[in-house]
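*Asks:* Sequence annotations record features per position, and here TrEMBL assigns pyridoxal 5'-phosphate binding site to Gly102, Ala103, Phe138, Asp223, Glu224, Val225, Gln226, Thr280. Per TrEMBL, the feature N(2)-acetyl-L-ornithine binding site maps to Arg141. For Lys252, the entry in TrEMBL reads N6-(pyridoxal phosphate)lysine.
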Amino acid sequence: MEFSQYHVDALLNITNRPSLVFTEGHGMWLTDHKGKRYLDYLQGWAVNCLGHSPQCIQDALTEQARKLINPSPAFYNEPSIALASSLVKHSCFDRVFFANSGAEANESAIKLARKWGKKHKNAAGADRYEIITFNHSFHGRTLATMSASGKAGWDTIFAPQVPGFPKAELNDLASVEKLITDKTIAVMLEPVQGESGVIPASREFMQALRALTKQHGLLLIVDEVQAGMGRTGELFAYQLSDVTPDIMTLGKGIGGGVPLAAMLCREEVAVFEAGDQGGTYNGNPLMTAVGGAVLDELLKPGFLQSVKDKGAYLGAELVKLSEKHGLEGDRGEGLLRALKLGKNIGAQIVETARDINPEGLLLNSPRPDLLRFMPALNVTTAEIDQMISMLSDVLKKLGH
Ligand SMILES: *Cc1c(COP(=O)(O)O)cnc(C)c1O
């Protein structure tokens, strides 16, 4: 089918999309409407942690669809209990609330922290509600999560903002300390900033932040929507720095491609009362059955070690490529990595890589001078080699 035959204008224009319609995906590969194949290093933006349409997700969806799709969140269902139990068992948290997107999970974390701030008022007897977040952070696209985000320009697009999110600088403890007032209730951060270009919070910073928040009676909230679920080689990114947060949010990888997210908290922080939080689809058995199947795969012996190994391999190959083409090296954790280009050629590389024939390569450039790599966690070294060789050809073609 020709692209012009699709009535794409029926869709509201919310982003600039290339003239391609994807019709199939298997593992690391996508196929478009003309049958051209693409090696996919986006994977739905770090979502498809087991690649496109893995067998375990197909099985979980079909088996669960035959049994029960949606009894309503007003009743218990087996897959959500099983997934919550497994998440609790493998983390420092005690309770799980399921949601449908990362933004919604973060909304829940913000609401829970604010509720906690009503219970734990300041010395003057007033509610505490301010949550310190970070410049360049990304927490979602609802009004509150946009306000919590530190993306340039986001404070004005849909003004007025939701108040109560002062911004500090990542890896700068003094910048956090300066913002603490008698209204502060929490500090919220991505252990590895994803959208801003794969910037890890240092282990020292995370530990100092935990000590500082404890000292001031503040909650520590980690947004692991992108960095959690094995992406860094640890099941959860907070484990990289040996800290115990109070609240964590998950999204993206937890559903392996289907809409599923979660907020986890420790028992002391579980202050929601009946009616405070909910949602029609939250914790539905169809999606939580998929989440259970995905988590089982990540927990198989050797899986997380293989993410670490492949992350190290990808990092080393990016460094070699960087040396060959005069670029500025790699950074990241596990299989969330970035290649520093040192010049603003990101968009050009993304387009050229996509359009090469016979097979294209899908890459992401979150900043003009950076490429981000978010392969499936079960990517093979051969698929890494192939990407590096394709990218090298693209760089040569562009004269770099
Ligand atoms: C993607 C992302 C979100 C938002 O998740 P959605 O499912 O798109 O709402 C929030 N936080 C981080 C760190 C993310 O990467």
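These residue numbers are counts, starting from 1, taken along the chain as shown.
Every residue, even glycine, has its Cβ placed from backbone N, Cα and C.
TrEMBL labels come from automatic prediction, so no person has curated them.
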*Asks:* Determine, from DSSP, whether Asp223 (pyridoxal 5'-phosphate binding site) sits in helix, strand or coil.
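*Replies:* DSSP call for Asp223 (pyridoxal 5'-phosphate binding site): strand.
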*Asks:* Can you count the other CB atoms that lie within 10 A of the CB of Gln226 (pyridoxal 5'-phosphate binding site)?
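*Replies:* A count of 27.
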*Asks:* Determine the minimum-neighbour residue: among Gly102, Ala103, Glu224, Thr280, listed as binding-site residues, which Cβ has the fewest other Cβ atoms within 10 angstroms?
*Replies:* Thr280
*Asks:* Determine the most Cβ-crowded residue among the recorded positions Arg141, Lys252, using a 10 Å radius around each Cβ and all protein chains in the structure.
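*Replies:* Buried the deepest by this measure is Lys252.
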*Asks:* Which recorded positions are spatial neighbours of Arg141 (N(2)-acetyl-L-ornithine binding site) here, meaning Cα within 10 Å, out of Asp223, Val225, Lys252?
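*Replies:* So the list is empty; none.
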*Asks:* Quiz question: given the binding-site residues Phe138, Asp223, Val225, which has the greatest number of C-beta atoms lying within 10 angstroms of its own C-beta?
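*Replies:* Sorting the candidates by Cβ neighbours within 10 Å, the top entry is Asp223.
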*Asks:* Filter the binding-site residues Ala103, Phe138, Glu224 down to those with CB closer than 6 A to an atom of ligand 1; keep them in sequence order.
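*Replies:* The ones that qualify, in sequence order, are Ala103, Phe138.
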*Asks:* Using the alpha carbons only, what distance in Å do you get between Glu224 (pyridoxal 5'-phosphate binding site) and Lys252 (N6-(pyridoxal phosphate)lysine) once rounded?
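*Replies:* The separation of the Cα atoms works out to 9 Å.
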